[in-house]
């Protein structure tokens, strides 16, 4: 299911009225009170507003604890394709015959689907034992006992008049029009940034659906590797994923090798008979080839399976039609999971981090700086590294360097993967919060200023040390991989794309600086703040005849920024994020 990108927001005719906070339409979570999902929502430290100084003082869960809880939750869950018209009450009563239900919700993706979590795993076996293999007439059905079911009405003619009383949860981000209206009527830039975060971040239901999809794929892989684990990684788990993003997962076979390590006793040592292959890469390719065939031939809902086995990291790509996710499956990709854990920690340390990352990513996508198609564009991961680096450079720093997180680590945190030192502290509660109280508005503005004037031709970005370093190669943009330090995660970025990023960053900083001195009035129809940054750039919005006279060159914008910056003491931004209006004309 492709996510609806923000795109270049058009100027919409809006009534001239006072900017008041727009109440978001409530999306009813169809679940029982006191459930696991409710507990997770209550304990999740990353949800809610990103107001400065409002950090959650409760104990924060470690990354692997969250993964374990989510996986156990998914193992008690089934996915059911339902008729379009169904009584929720009768549906739940029917399923409850197999055991108590802990949580459920409905969503739409090529039809109506229900995600149902039972209290015990035994309920799933009971449901499977009471389920029949469908008769296909002239075709033949492959008898696969999965946790993906199809619900049919015995007497549909008697129930067609019954109105469907279920409400589907939204699995897509808001439309450009809705987002623009929400941003326009916000009270401040800080409020705009927080609003964008709330509208785009993964919902509880979407997160549960992602873990369930991994669990369903694990059921298929378990036919060959009974104790394997299919783990999600990347944007699905690092708290920086937005609605509609792809689902990255890897087949973890390491746990299988650990199961029998302490079981030998006496004078004998028992080993499995295995087949040998020349290298780890060949083993990976063979395993993924077989799993890809299983997904293609036996996996319910898995379509468009592609085996991309000669890539640097071999993978199987497919669409999981019931969930709507585009999926990439790799094997034993442990460094990627460690990177996900690192981003999870950075996102949990300060609520401004995720809010800023979401805004910068949205801005980049609106101006075609990023793309879902591989190429010379900047990736979302690179943008996230740039935001983290920028926040490490603040005074005082908002985020610690990776080297500092390494010094805080205990012996149990030590982690070496493929010769790379991936050690850092995993207990969030032992990391001292930052004393920095800068507003999101100021941080957004200074992010664009910082990278609009960054010496990319000489320096690289390194979040391990949190300081600028000389580039080790001639790549236009050099961002050091946090763990595989010899790699440049932005090696694909071309000089023209980097120059486009710099020019748009300078232009965006100039727009925000200009508003500090001359904020659009509340009776104006003009976009402002973050909404103004998501519109087409100045150069593109002018007609050809006006471009020659009014186009602001990159150098002129840079000079404007410097002149405005020098006069900042005359028009300061207060610490509460409320902009003071200049009396100068």
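Every residue gets a Cβ built from N, Cα and C, even glycine.
Taken straight from TrEMBL:
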COMPBIAS  550-559  compositional bias 'Basic and acidic residues'
COMPBIAS  564-585  compositional bias 'Polar residues'
DOMAIN    63-131  domain 'RL'
DOMAIN    190-347  domain 'Poly(A) RNA polymerase mitochondrial-like central palm'
DOMAIN    443-486  domain 'PAP-associated'
REGION    539-585  region 'Disordered'
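Restricting the average to the domain 'RL' (63-131) gives a pLDDT of 94. Mapped onto DSSP classes, the domain 'PAP-associated' (443-486) shows 10 helix, 7 strand, 27 coil. Helix, strand and coil content of the domain 'RL' (63-131), in residues and according to DSSP, is 32 helix, 21 strand, 16 coil.
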